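One structure below.
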Amino acid sequence: MVAFLDFEKPIAELQGRIAELRETAEAGAIDIDAEVARLEAKSQKLLRDTYARLAPWQKTQVARHPERPHLKDYIAGFVADFVPLAGDRAFAEDKAIVGGLGRIAGRRVMVIGHEKGEDTASRLRHNFGMAKPEGYRKAIRLMELADRFGLPVVSLVDTSGAFPGIQAEERGQAEAIARSTEACLALGVPLVTAIVGEGGSGGAVALAAANRVLMFEHAVYSVISPEGCASILWRTGEKAADAAEAMKITAADLKRLGVIDRIVAEPVGGAHRDRAAAIAALGAALADELVQLADTPRDELRAARRAKFLAIG
Amino acid sequence: MSWLDRVRNTIPFIARRDETPDNLWHKCAGCGQMLFVKEYEENQSVCPKCDHHGRIGPDARFDALFDGGIYTPLPMPAVREDPLKFRDQKRYVDRLKAARQATGEQDALINARGVIEGKRAVVGVQDFAFMGGSMGLGVGAAFVAGAEAAIAERCPYIIFTAAGGARMQEGILSLMQMPKTTVAIAMLREARLPYIVVMTDPTTGGVTASYAMLGDIQLAEPGALIGFAGQRVIEQTIREKLPEGFQRAEYLLDHGMLDMVVHRHKLRETLASLIDYLCVEQAAA
């Protein structure tokens, strides 16, 4: 059973009643099939209705759901023959950003993305998906490598933001992010990005200055976290829901604003409720985009990317 | 002198708010010394006692930088206003109106063209007094316009950064100014024209993580706060006290992020010499 979010309380209660009924039925011999079916239908409808009109702050919670698929799951799901590559050749290997060679629907690609981790040990190892300068410098290295050998780049964004720390600042966090954005824009190969969970600020855009930007239906992408925005403009983090609303961070809003190109639908109840279906949907959408961009001349790819970002405003 | 300068220079000086009698004195933010405002401003807002560099806006910067204080402001590109219809405790349009009234400027980045010790340049100055210098559509468009003007005139683009970061009231569109300004820098690079950054106090957030860190040459004024993450955020994340001088210009110089820390009084000659070296068309031979 999945972990329920606070706004899913009515659904959780229904599921609880269904579980209770089943237990009772196992103890005695009463026939409960009809009642369970009725409750299940009600629960499904409630789930569908709830997710059809999630508020921006609720989407933020879904995007951060601990059971939502992560980079590792997407790679296992739709990247064949993955060969991980490591290190920035200058300072360290930053596991908050994972990258490597692989095949998507038969096409050779370079995959780069944030990895948040899935349990305490792996979250610590991946620093909760918050990259340091060496992470962005690794991304630059891999993008340039891909460019040299004509491999399209696929980037999957899932980060609350770049890591705020003393050493990260010392080693040029801002410079690394700026250069990574610059590297995206300079690529002569296709760059397709998918915002799969949280797209947090500069730490996200550094991998997302792409030809095509896809976004999961319940992912969020913003200049600052709702809590951060609330604590600055409302002077209290408790107004995060208001800030999430005001900032326009949902896929539908960003599509309207021309910031993203395509929304990838999620299974009913979010990607974490049917991980396999979500992973397959993203894989199919990425494969489709790669087909559309294949054979585009290098100059055209670069010019199109530039024109796109110059036009946003 | 262009017709615009001529018109500007003939308009009688309109008294600014900071020249009311209770603002005759300025308390230095560095050493606390009380200074005559007139004397302080004549010294380019640098404290004569402790050398603290105060924040200055586009007008004072251009006056001090360009030969004879003569320059032509470039028109501000028109951008969509309040694209998100944003409101926090106040409406964004009201905040904009207040900032425009207080500064007399349209947005937080103003460009001008002029001559620095005989060298032509387009210079952009970010104004911290305008909503913390924050980068939104107006700043992004002005940056692109500044770069394009430099390319059209075959001269360097010099940017004086000062910003808390991206303008939250424009949400994701402010974030998109990071790649947008980076495209403008790519255009300067292709035109083989120098792009010179002078970081002033403070330069943080998305501005640092985009055009402030992509200069061919990176300068900063003494003591300027420069960084990506805010100090409070870092302290809360790592639960440690920050080291002395952390994220100051001299600290960045020590960590390899800058070419030079330059005193405000030396900026003109430093920039002129850099233009002479890097801008072949304008080399002294």
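Backbone N, Cα and C atoms are what each Cβ position is placed from, and that goes for glycine too.
Annotated in TrEMBL:
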type: BINDING; residues: B:Cys28, B:Cys31, B:Cys47, B:Cys50; note: Zn(2+) binding site
type: DOMAIN; residues: B:24-285; note: domain 'CoA carboxyltransferase N-terminal'
type: ZN_FING; residues: B:28-50; note: zinc finger
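Most other Cβ atoms within 10 A: among the binding-site residues B:Cys28, B:Cys50, that distinction falls to B:Cys28. Excluding the listed site residues B:Cys28, B:Cys31, B:Cys47, B:Cys50, the same chain places B:Ala29, B:Gly30, B:Gly32, B:Gln33, B:Leu35, B:Pro48, B:Lys49, B:Asp51, B:His52 with Cβ atoms within 8 Å of the centre of the Zn(2+) site Cβ atoms. Cβ-based crowding with a 10 Å cutoff singles out B:Cys47 as the top-ranked of the binding-site residues B:Cys31, B:Cys47. For the zinc finger (B:28-50), the predicted model reports an average pLDDT of 94.
Note: the zinc finger (B:28-50) comprises 6 helix, 4 strand, 13 coil (DSSP; helix = H, G, I, strand = E, B).
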